[in-house]
Amino acid sequence: MEFDKSLLDSFIPSLSSVVVLSSYLGYLAIAGLVLPGKAVPGAVLSDGSRLHYRCNGLLSLVLLLVLTGTGVYLGWISPTVIADKGIELLSTTLLFSILVSVILYIAGTISRHTSASLKPHVTGKFIDDWWFGIQLNPHFMGIDLKFYFVRAGMMAWLFINLSILSKTYLAGTANLSVFLYQLFCAIYVIDYFYHEEFMTSTWDIIAERLGFMLVFGDLVFIPFTFSIQGWWLLKNQVELPSAAIIANCIIFITGYLVFRGANKQKHIFKKNPKALIWGKPPKLVGGKLLASGYWGVARHCNYLGDLMLALSFSLPCGASSVIPYFYPIYLFILLIWRERRDEARCSQKYKEIWAEYCKLVPWRIFPYVY
């Protein structure tokens, strides 16, 4: 009973957890506005306008790592502060996400903007409008909130992992399994920010309105569930055989090449439809749909790479429990659902062109399987 009460108490946001979250989000807001970065034009919206994004995420990340490392060295910050306050920070971030989504809902319903990025799309159903959002690209004090929140979530994932790693090291339980998990995740996050401009051509940025679904997904789900493997390895020692280590590395590298390669090809194609794909002129269907490179192998081959990466993050935990595999299992279900939704939208948008593309590229995600 005491344990249950203690666990329940840890879900109550503390002043220190509010300070940590506020400091982090405040830093990202300021860094995003003042640090230099490449100005990347977004997709052309329905009214012919387009937003521009300052892609300085990598510089923001490096500077925050330096500042945090300096604070740890001088004894101002504990390297395990995030891991020590994990549940408190989870509940604090969840409450913040709910608050933000309510504010977005209210701001959207009273908005009179007519531009494509801010025009309100109100269904009249509170749950739908609150969950999926009302405006496409709401801003606050010059900050594109959708781009800002996904940046905050991805960066938080890395810092949670680093804090868990510090706690694991201090506990004397760090081993090769911990190293592999931390290494794969760090490469993934750093690579994400190195190619941050690719995010401007993703479906979430282009077409999804900003509501609780995206706010919660970016600020809560990404950092706190993607790090489950790290929490699990903190409490469980796993010794992997050499064959498992090699297989894990192969899956990670292959997944990375497919995921990054597919997204890069799509991004380049949208910027320059005549750019070479795998050294050859791109093959187009109806002059609009790319059927070359990875996109000639499967219609959603980037999902395949993403699933392989998710699996590689969990494999260092061994096979004694299903808990570390929550992320790849969830992602599999999500991407199958998203793929079906994307197919329906594309079929409606491109009509006979999409039907022709499906005949040319019959596989959805898994070549020769699905």
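Glycine residues also receive a Cβ, built from the backbone N, Cα and C atoms like all the rest.
Quick look at what TrEMBL lists:
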- 12-35: transmembrane segment (TRANSMEM)
- 56-77: transmembrane segment (TRANSMEM)
- 89-110: transmembrane segment (TRANSMEM)
- 145-164: transmembrane segment (TRANSMEM)
- 170-190: transmembrane segment (TRANSMEM)
- 210-234: transmembrane segment (TRANSMEM)
- 240-259: transmembrane segment (TRANSMEM)
- 280-297: transmembrane segment (TRANSMEM)
- 309-337: transmembrane segment (TRANSMEM)
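Counting Cβ pairs under 8 Å that are 6 or more residues apart, the transmembrane segment (309-337) and the transmembrane segment (89-110) reach fewer than 3 and are not in contact. Within the chain, the transmembrane segment (280-297) has long-range Cβ neighbours (under 8 A, six or more residues past its boundaries) at 258, 261-262, 265-266, 269, 273-274, 350, 352-354, 356-357, 360-361, 363, 367. In this chain, the transmembrane segment (89-110) lies in contact with the transmembrane segment (210-234); the count of Cβ pairs under 8 Å, excluding pairs fewer than 6 apart in sequence, is at least 3. Beyond its flanks by at least six residues, the transmembrane segment (170-190) meets 58, 61, 80, 154-155, 157-158, 161-162, 226-227, 229-230, 233-234, 237-240, 245, 248-249, 252, 256, 309, 312-313, 316-318 of its own chain at Cβ-Cβ distances under 8 Å. Long-range contacts of the transmembrane segment (12-35) within the same chain: residues 54, 56, 59-60, 63-64, 81-82, 85, 88-89, 91-93, 95-96, 141-143, 148, 151-152, 155-156, 159, each at least 6 residues beyond the stretch ends and with a Cβ under 8 Å from a Cβ of the stretch.
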